[in-house]
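Asker: Have a look at the structure that comes next, please.
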Amino acid sequence: MGSKKTMKDIQLEGKRVFCRVDFNVPMENGKVTDDTRIRAAIPTIDYLTEHGAKVILASHLGRPKGEVNEDMGLTAAGEKLAELIGKTVTKLDSSIGQEVEQAISAMEDGSIILLENVRFHPGEEKNDAELAQAFANLADVFVNDAFGAAHRAHASTAGIANYIPAVSGLLLEKELEVLGKALSEPDRPFTAIIGGAKVKDKIGVIDHLLDKVDNLLIGGGLSYTFSKAQGYSIGNSLVEEDKIELAKSFIKKAKEKGVHLHLPIDVVIADEFSKEAETKVVKIDAIPEGWMGLDIGPETAELYADVITNSKLIIWNGPMGVFEMEPFENGTKQVANAMAETKAYTVIGGGDSAAAVEKFNVGDKMDHISTGGGASLEFMEGKDLPGVTALNDN
Ligand SMILES: Nc1ncnc2c1ncn2[C@@H]1O[C@H](COP(=O)(O)OP(=O)(O)O)[C@@H](O)[C@H]1O
Ligand SMILES: O=C(OP(=O)(O)O)[C@H](O)COP(=O)(O)O
């Protein structure tokens, strides 16, 4: 991906900076329920204000499909930022137009404005040139700190970079450095743990990781596609029938490459997808008709914990089971605890795995929790991220 200019490389004093952040935070009843992404953007915002920039923050929230949607406004996110940063944050009602231009022309150095949700404009997700130019006209410099949205080629993440100097913020830089270093010069043994439900989304990353890792641990809903590829019955467990051949080819590729591919050896099964379900622990080749696997079993969890303990670098994406329901949380919890205790450098690839380590109170024991689920996956697949590609080269 080459090296990109960062905001440390440029003069910021008195400059109007269009700073794209990812404030796409979970909300309930108009309140922010997890402020991780807001906190993660603060070092960049502090750096900009301390260097005398006029900080114009832009973000999306949810998927409003190009229309104004009051439930997806950024007012609550702005209030949360003001509280966390201890500074005034002036929230505007739109992201382009006269009101915005006037507010920006009245800004003092070191002050902060937060624009309204950029996805209220249909041009944002279309990477519309006119909208990108309108954003660019508001500022002298574009700072992209929205790692979580860096896999999107949108007007405020990529298009704007065609019109004004474009550099990375501190969070984006750190995410790329940690994930990039992990993949390019890993400490070994290097272990990847892949779980979760979205088999299709993770196939690409499994393929790419097989070229890099020493151990690959598979759990969660996607493991049953591998079980079926091994010839086992899986009852009503989650399966992606059209990916079974691919799973077989991964088992073969792992053998050829000398990668230790670990698949579950036992499993917690349930007679229905419910926390009230009847449950049992069985060997992986003994799932009866009508039952479904909802967690890795205790022997598998112990084996995985062992591999984790003996690794030097670990990347984890996707829970080992339906950890949201207590009877099926144990596998994910044991993996999280082993990650917390290992001496290895531990990287969590965003999304539900980040939620899981927080749930089990070990978030602060991880070395790096990525703020991007989809973005970190695409990065680990070796794909270019448009929000990064668009930035100026060093
Ligand atoms: N065996 C399983 N069967 C069905 N769903 C599962 C299973 N194991 C894990 N899941 C579900 O997978 C979801 C997370 O999947 P995914 O979105 O792919 O992970 P991530 O967000 O970490 O990338 C969780 O909600 C979890 O309940
Ligand atoms: O939450 C996000 O993605 P993630 O859940 O994959 O981390 C980002 O803010 C991107 O949002 P989008 O998937 O609606 O483009």
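From the backbone N, Cα and C atoms, a Cβ is placed for every residue, glycine too.
What TrEMBL shows for this protein is this:
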BINDING   D22, F23, N24, R37, H60, L61, G62, R63, R119, R152  substrate binding site
BINDING   R37, R119, R152  (2R)-3-phosphoglycerate binding site
BINDING   K202, G293, E324, G350, G351, D352, S353  ATP binding site
Asker: According to DSSP, which of helix, strand or coil covers G293 (ATP binding site)?
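Answerer: The three-state answer is strand.
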Asker: Name the secondary structure element type, per DSSP in three states, that contains D352 (ATP binding site).
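Answerer: D352 (ATP binding site) sits in a helix per DSSP.
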Asker: If the substrate site is taken as the center of the Cβ atoms of D22, F23, N24, R37, H60, L61, G62, R63, R119, R152, which further residues of that chain fall within 8 Å of it by their Cβ?
Answerer: S59, N117, G148, A149
Asker: Are there any residues in the same chain, six or more apart in sequence, whose C-beta is under 8 angstroms from the C-beta of R119 (substrate binding site), and if so which?
Answerer: H60, L61, G62, R63, P64, K65, G66, M72, E125
Asker: Would you identify which of the binding-site residues D22, E324, D352 has the most other C-beta atoms lying within 10 angstroms of its C-beta?
Answerer: D22
Asker: To which of the binding-site residues N24, S353 does the lowest count of other Cβ atoms within 10 Å belong?
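Answerer: Across N24, S353, these binding-site residues, the one with fewest Cβ atoms within 10 Å is N24.
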Asker: For R37 ((2R)-3-phosphoglycerate binding site), which residues in the same chain are close in space, meaning a Cβ under 8 Å from its Cβ, but six or more apart along the sequence?
Answerer: V21, D22, F23, N24, V25, G148, T371
